[in-house]
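K.L.:
Encoded as structure tokens, here's the structure I'll be asking about.
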Amino acid sequence: QIINSKSIPKSLSSSNMASNNLFIAILAIVVTLSLQGDNNNVVQAQLTTNFYSTSCPNLLSTVRSTVKSAVDSQPRTGASILRLFFHDCFVNGCDGSILLDDTSSFTGEQNANPNRNSARGFNVIDNIKTAVEAACPGVVSCADILAIAARDSVVLLGGPNWNVKVGRRDARTASQAAANSNIPAPTSSLSQLISSFSAVGLSTRDMVALSGAHTIGQSRCTNFRTRVYNETNINAAFATLRQRSCPRAAGSGDGNLAPLDVNSANTFDNSYFKNLVAQRGLLHSDQELFNGGSTDSIVTGYSNNPASFSSDFTAAMIKMGDISPLTGSSGEIRKVCGRTN
């Protein structure tokens, strides 16, 4: 409240005036402390769905239109963007670190084993950033753009929608070593998968639901060669089909692609789990979810109930998006997603 000294009656004695001046001074201190408290609350604020509602009101439509153009042109791009978000969040939190390019003096995460020759979609995020910067310069982080684009990719391929929490800031650093050790490999066992997800605060059920992202996208021959030639918990006809485009000899056809979901690689649905029940998981880590272990019942549930999968997937995506965000004065808002300011 602002006190106008003109409202103080002239009839007040000098002692009363002094008292009122003291009151005004104390009130000013209280107001100042209160405002500082508000600022501290902003610094410590967690992510919210309306963080940019006034500072960049057209953010969501801007992101969506660019993602739509990319996915319409090549549906696989949607899976690539979703995968970028996973690989970002699993390395020191959802901070946009995966987007940083290597330079002569900086080693990022893009050439870590899980990302080298396979991480895609960076150009789409760059295009979104350019459009967003034109509308709202210096406001929206690359980390948030990636989170929103991942959601839009799922929706545009027929999957569920959810409100993305935003307010993240961008990292100034990246860790190739953490990317190599933290991101689950396609050769992972069930116990390794459970452990990897648990390390970032995600439950076993979250892990199975998020693995359902493999209902879209493709994988390289080098990631599934051993499974289709050497493993026994695989449908024989499916193995033969995949062998046609993936030669047995290592180094031959390593980059040849196969759909992660043999039924509907460009549609986000629950057929991934139906494939697992039929022993048609493409990756070793996929089939581990349905191989006589503790997650069999979850897979069966999702294969029979697409609504259950959609609900758990969106909840897990929101939970994953909360992993160690940079907020307040931490990090920065990059002008270009591939490099720090």
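Cβ atoms here come from the backbone N, Cα and C positions, even for glycine.
Just so it is clear, the model here is predicted, and its values are computed rather than measured.
Okay, so TrEMBL annotates it like this:
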BINDING   Pro184  substrate binding site
DISULFID  Cys56-Cys136  disulfide bond
DISULFID  Cys89-Cys94  disulfide bond
DISULFID  Cys142-Cys337  disulfide bond
DISULFID  Cys221-Cys246  disulfide bond
DOMAIN    46-341  domain 'Plant heme peroxidase family profile'
SITE      Arg83  site 'Transition state stabilizer'
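Walk me through the surroundings of each of these features.
P.N.:
Long-range neighbours of Pro184 (substrate binding site) (same chain, six or more residues apart, CB within less than 8 Å of its CB): Phe90, Gln192, Leu193, Ser196, Phe197, Ser285.
Here the Cβ of Cys89 (disulfide bond) has 29 other Cβ atoms within 10 Å, regardless of which shown protein chain they belong to.
The C-beta environment of Cys337 (disulfide bond), restricted to residues of the same chain at least 6 apart in sequence and closer than 8 Å, consists of Gly96, Leu99, Leu100, Phe122, Ile125, Asp126, Lys129, Cys142, Ile145, Asp170.
Cys221 (disulfide bond): 20 other CB atoms within 10 A of its CB, across all protein chains.
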K.L.:
If one measures from the C-alpha of Cys246 (disulfide bond) to the C-alpha of Cys89 (disulfide bond), what distance in angstrom results, rounded to a whole number?
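P.N.:
Cys246 (disulfide bond) and Cys89 (disulfide bond) have their Cα atoms 31 Å apart.
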K.L.:
May I ask for the distance between Cys56 (disulfide bond) and Cys94 (disulfide bond), taken between their Cα atoms and rounded to an integer number of Å?
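P.N.:
One finds 20 Å between the Cα atoms of these residues.
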K.L.:
Within 10 Å of its Cβ, which one of these disulfide-bonded residues (Cys94, Cys136) has the largest number of other Cβ atoms?
P.N.:
Cys94
